[in-house]
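Visitor: TrEMBL feature annotations, pasted as is:
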type: DOMAIN; residues: 41-335; note: domain 'SAM-dependent MTase RsmB/NOP-type'
type: BINDING; residues: C140, A141, A142, P143, G144, G145, K146, E163, D194, D212; note: S-adenosyl-L-methionine binding site
type: ACT_SITE; residues: C266; note: active site, nucleophile
Amino acid sequence: AEIIILEYKTKGKLQKQICQVALDHFEKQYTTELGEAWASVRDVLTYPLCWQYAILLNKFSPSAELENTLHVKGYHPAFPGSLPYLPASFKCYIRRTPGRFPAQKHQAGKLKEYYLLNAASLLPVLALEVKDGEDVLDLCAAPGGKSVATLQCASPGQFHCNEYDDLRSRWLKQTIESFIPDPLINLIMVSKLDGRHIGDLKPELYDKVLVDAPCSNDRSWLFSSDIQQATLRLIQRKELPYLQFQLLRSAIKALRPGGSLVYSTCTLSKAENSDVINLILNSCSNVMPVDITEMAKAVSQEFTFLSGMQQHELLVLPEKGRAWGPMYVAKLKKI
């Protein structure tokens with residue numbers, strides 16, 4: 001866990017301290033990449049008291065009382081019916097005001113009723129469009145929010161959740177146990193394989209693959225606990241695109257022809273987003289981009305996107321009152 005230095009109180013709440021090294025680095029890079037959009041994004045990222053949390057309901061533990069409470073507290077559905085893919089069983093609530101609904105404690109043998117998350121992190125799941133009976137791979141699955149969200153949408157034939165990191169893998173297992181009931185949990189395979197090799201181990205086995213890649217997490221990096229940690233992170237940042245490229249290449253091998261893949265990160269960094277996808281499209285002749293502009297259009301009321309992106313990708317920019325993201329999403333199909 002990170003040590004967060006508490007600097008000053010605001011409205012009785014403690015405000016985390018910004019890590020100047022990370023902020024200076026972002027300032028340089030994102031002024032160039034995002035232009036005028038960066039100033040308002042920076043205001044949100046550096047001010048956690050304006051962050052918002054979405055509430056993803058667990059269909060395996062429904063509560064009419066919870067839905068009533070949410071309505072009373074001014075929450076509304078996050079995603080409109082006009083989306084190309086929005087299963088009736090998928091329910092997520094948000095409200096305009098910042099703040100976090102109380103998290104549920106883990107209780108052995110009892111399923112949680114909801115999952116708190118950044119609403120933008122559900123866009124990769126909605127872009128993947130999983131249907132009943134499809135074989136699905138979540139390549140970098142911890143902490144498990146997207147795996148849980150996928151299971152709110154459909155019942156895969158087989159569902160393979162992979163997480164290479166030991167600690168994160170335990171976290172993933174606990175998340176799945178907290179949200180998924182017994183008979184269904186047996187259909188989920190949790191592995192700790194190196195995602196770069198899964199394509200060779202399991203070639204052409206899946207209809208859908210989600211690559212929610214390890215990335216430089218802009219939100220948490222701004223609050224790095226010390227200069228050493230921040231400096232180390234910024235050095236490692238240069239190596240991430242190659243890892244992301246390798247994970248994508250592996251995911252493509254694991255896909256059946258005709259299958260599709262969604263790549264996502266929670267960074268604004270072009271090197272880890274568009275550049276990685278362009279490299280894949282230029283080096284793999286068996287994949288083609290898939291247009292996701294319909295999905296983006298349908299959710300444009302609640303999410304702000306960077307303009308000028310290609311049709312197969314989107315980048316969610318946090319802004320006040322819609323503090324979702326950063327979240328990059330790109331969709332590809334194997335030929």
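From the backbone N, Cα and C atoms, a Cβ is placed for every residue, glycine too.
Remember, TrEMBL labels are computer predictions, not curated facts.
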Visitor: Distance between K146 (S-adenosyl-L-methionine binding site) and C266 (active site, nucleophile) at the Cα atoms, whole Å?
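Guide: Counting only the Cα atoms, the answer is 13 Å.
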Visitor: Enter the number of other CB atoms within 10 angstroms of the CB of D194 (S-adenosyl-L-methionine binding site).
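Guide: The answer is 12.
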Visitor: Please give the S-adenosyl-L-methionine site's span as the largest CA-CA distance among C140, A141, A142, P143, G144, G145, K146, E163, D194, D212, to the nearest whole angstrom.
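Guide: Greatest Cα separation within the listed binding residues comes to 20 Å.
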Visitor: Under 8 Å Cβ to Cβ from the residue listed as 'active site, nucleophile', same chain, six or more residues apart: give me those in sequence order, or none if nothing qualifies.
Guide: N118, S121, C215, N217, D218, R219, G325, P326, M327, Y328
Visitor: Counting every protein chain present, what is the number of Cβ atoms, excluding its own, within 10 Å of the Cβ of C140 (S-adenosyl-L-methionine binding site)?
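Guide: Excluding its own Cβ, the number within 10 Å is 23.
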Visitor: Over the domain 'SAM-dependent MTase RsmB/NOP-type' (41-335), what is the model's mean pLDDT?
Guide: 96
Visitor: Please report the number of other Cβ atoms within 10 Å of the Cβ of G144 (S-adenosyl-L-methionine binding site).
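Guide: 25, counting other Cβ atoms within 10 Å of G144 (S-adenosyl-L-methionine binding site).
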